[in-house]
Amino acid sequence: MAKPTTSAQQTDNVAHALAGAGGGLLSMTLTYPLITLSTRAQVESRRLSSQTPSSSSTTNASPSTLAAARHIIRREGLSGLYSGLDSALFGISVTNFVYYYWYEWTRSFFERRKSSAGQIASRLSAWESMMAGAIAGSATVLITNPIWVVNTRMTAMASTQESSGDVETGEGGGKEQASKRKRKASTLATLYSLCKDEGMLALFAGVLPALVLVINPILQYTIFEQLRDWLERRRKAKGLGAGLNAWHVFLLGAIGKLAATSITYPYITVKSRMHVAKKGDGGTEGKEGMGASLRRVVREEGWSGLYKGIGPKVTQSVITAAFLFAFKDALYAASVRARKTIPAKLPVK
């Protein structure tokens, strides 16, 4: 088998990256309301704790996902479920593009190394998948963390202003309308306000837990790759052919993400709270390290506090990942067909 040229491999890496970005856009749009509910559930306990520190029962209470959705729709309309969607779509497209580019680059590096050593360049081993995920995930975090800080701040902002709006509406409807207008801050306005009030370093709030959370895609893609390899071998042994359809990819993507998110959720909680924390808010939370934040949550809210909002988060993560893998596979296959078809249609000079 002829080895792909450097330019051909580069084209393939970009094709994977574009397919990942497109799949991310589609899957994020479908599941974004669940992200809103999960983010608000994570930051709500912090707000309730600061408002009623002596009432543990209030702090530990949390509305159901359905009740939270009804409350958001009643207060803000359906658009409230999509607060911060524009920055999320930009973030997921950049995140997936960077991640898949570096993942495929690392994969091709391992395959070239196997080929030069005289080995058959098959699918990555579990160790190679983990290394590829670590490299791609670390690069992605450092490049895209500012985008997700802004997105998380926008998503939580509506809930923060809603709390103050509840007090103001007792004095008249005008203040309620003013509160609603405040919630419509754009992505650029939020970015400007964040940098002006807290400095550029605020854009990298939570970067340490985000780097720790690189283990999430490592686990996700390692589980996905190994399950896909196992299923393809099993199908081939039964004479069904090694190829997988979109439904297989959908299920394998869901299983990989379910395992990864369930394991890493406490760090997801800490990362969201560090993104929302502001300088001078509560005095220390914005300056706490990851370990201190974990211990404080357990101390103030119990172990269940680390899993606040896990229901909608796991649901959203699993569905998003399943759609992402299915869409990405379909988009990449389409790009392969296009690359084969377009040169054949070009006139020969």
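Glycine is treated like the rest: Cβ placed from N, Cα and C.
TrEMBL does not curate its annotations; it predicts them automatically.
Residues 244-268 are the range that TrEMBL records as transmembrane segment, among 244-268, 319-343. Per-residue pLDDT, averaged over the repeat 'Solcar' (244-334), rounds to 77.
Counting Cβ pairs closer than 8 Å to the transmembrane segment (244-268), the top stretch among 14-37, 80-102, 130-150, 201-224 is 201-224.
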